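Enquirer: Below are the features listed in TrEMBL for this protein:
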DOMAIN    184-298  domain 'UBP-type'
BINDING   C207, C212, C229, H246  Zn(2+) binding site
DOMAIN    340-786  domain 'USP'
ACT_SITE  C349  active site, nucleophile
DOMAIN    605-646  domain 'UBA'
DOMAIN    663-706  domain 'UBA'
ACT_SITE  H748  active site, proton acceptor
Amino acid sequence: LSKMTDVVTSDSSVVPIEDLSTVLELLKDVDASAYTIPSHDSKIFKDECMLCYVTPYHPGGLYICLKTFTAFCESHLKDNSEKRSRNVYLQLKSKKVRDDTEEPREKIKRLAIGVDEGFCNEKMDVEDEYHVVIYPRLTTRVPINLLSSLPIGTTCERIATTTSAERLELLQGASNAWDGEMKQVTKHVDLKQIDNPPKLLMSGWTCDVESCDLKENLWLNLTDGAIRCGRSQIIGDGLRSKGNNHMKMYYEESKHPLVVKLGTIEENGVADVFSYDEDDAVTDPNLEKHLSHFGLVMKEMKKSEKSTVELELDMNQKWEWAQCQEDGENLETVYGPFHTGIINIGSSCYINSVIQALMSIPDFVTILGENGSRILDDVDPTEMNESIVGQIAKLFSSLSSGNFSKPPPNNEFNGVKPTQFRKVIGKGHAEFSTCRQQDAEEYLRHFIDKLTTHLSPAFGDPASALRFKQQVRLVDEASNHIRYTMKEEYVLALAIPKTSLVPVDNDAVRFSVPLTDCISAAFSEEYIEGFKSPVTGETKGARTAISMATFPDYIVLQIQRFHMGDDYQVKKMDVDVLVEDEIDLSPFRGAGAQPGEELMPVDEGIDEKIVSELSTMGFSRNASVKAFLATKGQGLEGATNWIMQAIDDPTLNNPPQMESSSSREEKWNVEDVNQLIAFGFTLNQARYALKKEQDVNSAAEWLFTNAESVPEEIKPANEVPKETRDGDGRYKLVSFISHMGSSPHSGHYVCHAIRDERWILFNDEKVAVSKNPPKQLAYLYLYKRI
C-alpha cells in the first residue's frame, strides 16, 4: 500500500496507463489469502449490499469481497474492511443501456435478467463495469480484463460471469414461492431417446417449422431433437413475447413429452424443463445426458433468455394493486427518515403495512433501526441472507435512515425491496413462505414470534412494548367456585356485536358500529355449556370473562371483520367502525381474586393452568388431570391432543391414578388443516377445531364463532418469562392498517401512521400526506398509551 501512493491521485478514477505496470506489479504481490477462486458451488452475492438496499445501480455501486464474495456499499465498506481485515474488492457498477454500440473492453454486457424492464424491450441490456480496488485507495481502479494473466484475475472473471446467489435462490424457489409447490422430478428421468439423433449446433437455432423463422422462445424435444417455438406470453403491459405454440402442436402429433427451453440452460443444470403429459414444469436430473445425445455440451451453454418462471416472477413483482390512496385527492409526497416506502414484491402489501405500523413504536425503531448496526455487527456477512435478526435489522435500519427516501432530483433509488427479509421470516410457514396475499394480523403475530425467538436479549426486547397479560375469570355455576388464569397476548381481538350495528343509509345496505361497543363486548361475560364442576361433579356450565391484567405501552386492536357465510366461504363485514382518537381501557382492568371468593381446588403437583384450560373446554376435572399427567412437559397442546384421542375411553372421567402414561400419536388430515389455515385461522386453531368437529366444514363454522376460545399454545415451562409493562389504560391512536377486498387473502392493505404530527399514507413504495385518513375502514388499530 505504501508503494501504491506513488500512483494514486485524489481525483483519479482509473489507473493512468503510464502507472499501470506499477499497479500490476503490486497486484501480483497481493497475499493469496486475500482472495479465493470461486468454485461452481460458491455463493456470490452481488445484487445488493449485505447491510442495506444499495444495488450496483446506485452511485458508487457495490464492492464485492474477493475472499467471501459478499457485497457492500461504500458506506458499509469501511466497517467490513477494518473489522474483518479485508482489503481487496471487486467494484461492480451497473447501468441500463438501450443501444447496440460496442463498449470498451472492461465493460461486460448482459441480458436484463432481474431488472425491472427485463425483456419488455428487446434492446434492453445491462452494462456492468468491474474494477479491482484495494481499500482504502478506492479512487484507483484496475479493469479486470487487464488481470487475466494473474490468479486474482480468475477470481474476478468467475465473479463477473456467475449468476448471483440471490438471483439463483429466487429462481430455484420461484415455483414454490408463487404456487406453494416445489417442482417435481419428471417421471421421464430414463427417457428413451431415438437412435441416430441429429447433431445440433451450440447456438443459432431456429424453429423447425418452415413458415416460422423465430430464433427465440425455442424448445428442444429431448426425445428426437426437434426444435419448435413455444407459446406467446404476456411480458409487460400490452406486450407479449414471440411464439406460435409450435412445440405444443408437435407434442400432440408425436406424443414425445419432455422439452427444454434452449436459451435457459446453464452449466450448473438450471433450465426451464416442461413435461406435456405431466402438464407441469419439472426438473430433469439427467438433463446433461439427454442434451449430450444431440451433441450439446451443457457445461459450455450460456443463458440467453428468461425462463417461464422468470417471466412470471417479473410480472408478479410489477403487479400494481388497485389504487386505494384516497381517491380524487392530490396527495403530497413526503421524503426523509421514517418516510421510506417498501416496494411490493408480489402480494406483499400485508407485510409492508405491518412493518410501517411497527415503525410507530420507539422500541422497534431504536433497537432494530437506529441501533440496528449492533445487531448487524453480530452477524457474519456470509450468513446475512439466512439470518432472521440480520434481515430484520437491515430492513428497520434502512427505513429509519432516510437513505432510500430522497426528494427529486435524487429520488431514482427510493424505496426498499426486502426480498430476503420476506423469505427468511416466512421460511417453513405454510402460508407466509408463498407469495399469496395473507392476513396482516396473523403476520404481525408471526413476525413477533420470529423476532422474540431469535433476537438476543442483550439487544433488548422491542416486543415488550406490545406484550400484555389478560386475566381469564371462570365461575363454576354448580358451586360458585372461581378460577383465575393468565394468558399472554399481543393483539386485543374485537368481535363486531351485531346488536350494536346502526344503518348508515335508509336502505340499510351499510352499517356502522362504535368502537367502544366492540371493546365492551370483548370484555363481557360469556356462558360455557357442558362445563362439569370439579367441586360438585354436576354439569351446569360456567361463566367466563377476560380482563386486562397489564396495559402495554402500545396496544393493537383487531376488528374481526371476517366471518364464514352459509356457503362456507370467508366473507367480510364492510362495517364503518366509529373510531375515537382516544380510548380508555381502564374500566376493564382485572382485579384478581376478591375477599370472600372461593377458588377451585388446586391439586399438588398439577399444573393448574393447563388443567383449568382443559376444564374450560368442557372436559371433566378428572379427564383434565389425566391429560396433564400423561403429557407432562408437552404443554397445553400436548394435553389437548391426548384428551381428544382418549375421548371415547369409558374410563376417561374416572379418578386419575397419579402416574403418567404415554401420549398417543398425532394424526392430522393435512388438507383439512391447510383449508382452515386458508380461511385465516392459525395452525393451532385449525388442529383444535378438527379434533372437536367431525369434518372440515363444521370445524370452520365452529371456528368463526369460537376461535377466541381456542386455548393458546403454551411455551415450555422452563422458558424465561417475557417482560410486560404496565401503566395507565388511556390510549391515543397513532396508526392503523386498512384492508380493501372481500377476503384477508386477497385485495390490498395500506397503512396510515402519524409522523411529525400529521397522518401519512404508506401504500407500498408510495408515501404521502393523508388528507382524509379512512379510520372507519381499518382492520388493525395501533394505540399509544397517553
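Glycine residues also receive a Cβ, built from the backbone N, Cα and C atoms like all the rest.
No curator has checked TrEMBL annotations; they are predicted automatically.
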Enquirer: Report, in whole Å, the straight Cα-to-Cα distance of the residue listed as 'active site, nucleophile' from H748 (active site, proton acceptor).
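Expert: The residue listed as 'active site, nucleophile' has its Cα 6 Å from the Cα of H748 (active site, proton acceptor).
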Enquirer: Using a Cβ-Cβ cut-off under 8 angstroms and a sequence gap of six or more, which residues of the chain neighbour C212 (Zn(2+) binding site)?
Expert: C229, N244, H246
Enquirer: Including all protein chains shown, what's the count of other C-beta atoms within 10 A of the C-beta of H748 (active site, proton acceptor)?
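Expert: A count of 20.
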Enquirer: Taking only same-chain residues 6+ apart in sequence, whose CB is under 8 Å from that of C207 (Zn(2+) binding site), what do you get?
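Expert: Correct list: D213, L214, K215, L218, I227, R228, C229, N244, H246.
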Enquirer: Inside 10 Å of the Cβ of C229 (Zn(2+) binding site), count up the other Cβ atoms and send me the figure.
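Expert: Looking across every protein chain shown, the total is 27.
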Enquirer: Could you check the recorded positions H246, C349 and say which one's CB has the most other CB atoms within 10 Å?
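Expert: It comes out as C349.
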Enquirer: Note the mean pLDDT of the domain 'UBA' (663-706), expressed as a whole number.
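Expert: Averaged over the domain 'UBA' (663-706), per-residue pLDDT gives 69.
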